[in-house]
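Enquirer: Just passing along the structure, written as structure tokens.
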Amino acid sequence: MTDVQRSLVLVKPDGVRRGLSGEVLRRIEAKGYTLAAVELRTATPELLAAHYAEHEGKPFYGPLVEFMLSGPVLAVVIEGERCIEGFRSLAGATDPTVAAPGTIRGDLGRDWGVAVQQNLVHGSDSPESAAREIGIWFPELGA
Ligand code: RTP
Ligand code: MG
């Protein structure tokens with residue numbers, strides 16, 4: 001039985017600013033996942049409030065939202081068997097300083113000395129999150 005999934009990936013403003021959008025897409029495609037949607041977007045406070053609802057109230061929430069509004073993001077929907085887990089594996093640990101070499105965050109990220117972790121990418125963390133997040137960023141794609 002196959003388990004074809006979709007996941008929401010964001011190249012965050014630091015990744016877009018540093019010209020790494022193509023490198024992230026290259027790694028996704030090299031892994032064998034397909035691109036169902038790719039769009040350069042400017043986030044809004046409303047969209048980010050929905051996207052990061054689970055983090056509301058945490059100390060890093062305000063700086064995180066501010067960071068995500070600091071420039072365009074590349075919003076991407078990827079598709080493939082177990083791509084939710086697979087992209088999390090490609091992305092690496094949240095903290096780019098300790099993310100394993102070979103991962104997007106481990107190879108391309110570092111600590112820039114600012115409060116929020118600028119870690120280049122977001123990836124949905126479960127099928128429920130993926131459905132919710134794709135609904136927020138690409139409502140036209142449906143469930
Ligand atoms: P993401 O949601 O972006 O794929 O990353 P994640 O699952 O690895 O991390 P999560 O815990 O969901 O946190 C969301 C984003 O918030 C920022 N963050 N800063 N202690 C901190 O300063 C801190 N913790 C999290 C990061 O940008 C993280 O990706
Ligand atoms: Mg997360």
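Backbone N, Cα and C atoms are what each Cβ position is placed from, and that goes for glycine too.
As the structure is a computational prediction, the values presented were derived from the model and not from experiment.
Pulled the feature table from TrEMBL, pasting it below:
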type	residues	note
ACT_SITE	H122	active site, pros-phosphohistidine intermediate
BINDING	K12, F60, R88, T94, R105, N119	ATP binding site
DOMAIN	4-142	domain 'Nucleoside diphosphate kinase-like'
Enquirer: Among K12, F60, R88, T94, R105, the binding-site residues in the record, which have a C-beta under 6 A from ligand 1?
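Expert: Correct list: F60, T94.
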Enquirer: Which of these binding-site residues has the least crowded Cβ, counting other Cβ atoms within 10 Å: T94, N119?
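Expert: Among the binding-site residues T94, N119, the lowest count of other Cβ atoms within 10 Å belongs to T94.
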Enquirer: What is the number of residues in the domain 'Nucleoside diphosphate kinase-like' (4-142) that are helix, strand and coil, as DSSP sees it?
Expert: 62 helix, 28 strand, 49 coil
Enquirer: May I ask which residues of the same chain, at least 6 positions away in sequence, place their Cβ under 8 angstroms from the Cβ of F60 (ATP binding site)?
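Expert: Residues satisfying the criterion: A115, V116, Q117.
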Enquirer: Using the alpha carbons only, what distance in Å do you get between R88 (ATP binding site) and H122 (active site, pros-phosphohistidine intermediate) once rounded?
Expert: 8
Enquirer: Which chain-mates of K12 (ATP binding site) that are at least 6 residues away have a CB under 8 A from its CB, listed by sequence?
Expert: F67, M68, V73, Q118, N119, L120, V121, H122
Enquirer: Across all chains shown, how many C-beta atoms besides its own are within 10 angstroms of the C-beta of R105 (ATP binding site)?
Expert: 24
Enquirer: So if I draw a 10 Å sphere around the Cβ of R88 (ATP binding site), how many other Cβ atoms end up inside it?
Expert: 17
Enquirer: Between any two of K12, F60, R88, T94, R105, N119, the residues recorded as binding ATP, what is the biggest Cα to Cα distance in Å?
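Expert: In whole numbers, the farthest two Cα atoms are 21 Å apart.
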